[in-house]
Amino acid sequence: MGTLRMIDIAVNFTDGMFKGIYHGKQYHATDIAAVLSRAWSAGVQRIIVTGGSLEESREALKIAETDGRFFCTVGVHPTRCKEFEESGDPETYFQALLSLTKEGIEKGKVVAVGECGLDYDRLHFCPADIQKKYFEKQFELAHATKLPMFLHMRAAAEDFCDIVERNKQRFCAGVVHSFTDSAEDRDRLLAFSNLYIGINGCSLKTAENLDVVKGIPIERLMIETDSPYCEIKNTHAGIKFVKSVWASKKKEKHDEQCIVKGRNEPCLVRQVLEVLAGCKGIADINQLSETLYHNTCRVFFPQDLDSAADALLAGSQVLDEKN
């Protein structure tokens, strides 16, 4: 498949679908080994496993410890911020997040605070005032640990940007992942010099989405699958740029050699790269993947940035096949 280097910044390996469980029903055995084999063959070098609550972040850290190429986040998703209060003591819950984050940093595994932010499309899970309160609280986590932030913004740009503006001295950098909002909201985010935008299949559904993505400078982008969700579907505007395809079968006819129809997985981050190249009219997909790889390392793996990578960003020769 060629030697592209990619980092999938958002994989929900804590989701039951990777254990063969869909809507509470077991359809097939755990197949993470086959999923990973496809990912590594496609050019994925690292995966960041997403944590969205205290318990899920614990599980994400456990998963991250099973492979040298796995890393994870610790934080509370906006739709689950009620957990702070339902725990009986929000401060104790916060301290547990903090100690888990520190433990994960010591293990070399936790690379970001998150997934946190605001989601006004799903207020039925958690009201806006509670979302705002505990989004702001998680900047304390970033400040205390010096970690970047893994952020979520859905239909909430104004409040989200207000909170980021108030706290911009308290975090070094961050990515607003799974971006699906308007050109205006994109520009609001890009006005923060330390924010990047993460795109996946959900960012590439419509012609308007593609136009919005086209306007994100390459040096401010990262790519992700957000698997097992957010695949690029045949009905999506971006599909016309997809070049790499994998054989697929329905979950009822599971075959480890095939991807499961309707379940996204990390190898498909390559399709996100292809759509990005297509909609931006970029012929050199290798150069594009190197720039995105570099962006991702700058935020989440700064210790890996060497002069070769910096020279590359300046358009110099590709020196790097060390991995």
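Counting starts with 1 at the first residue shown.
The backbone N, Cα and C atoms fix where each Cβ goes, and this holds for glycine too.
According to TrEMBL, the protein carries these features:
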BINDING   GLU115, ASP226  divalent metal cation 1 binding site
BINDING   HIS152, HIS177  divalent metal cation 2 binding site
Below 8 Å Cβ to Cβ and six or more residues apart, same chain only. Which residues does that give for HIS177 (divalent metal cation 2 binding site)?
ILE9, ALA10, GLU115, PHE150, LEU151, HIS152, GLY198, ASN200, MET222, GLU224, ASP226
What residue among the binding-site residues GLU115, ASP226 has the most other CB atoms lying within 10 A of its CB?
GLU115
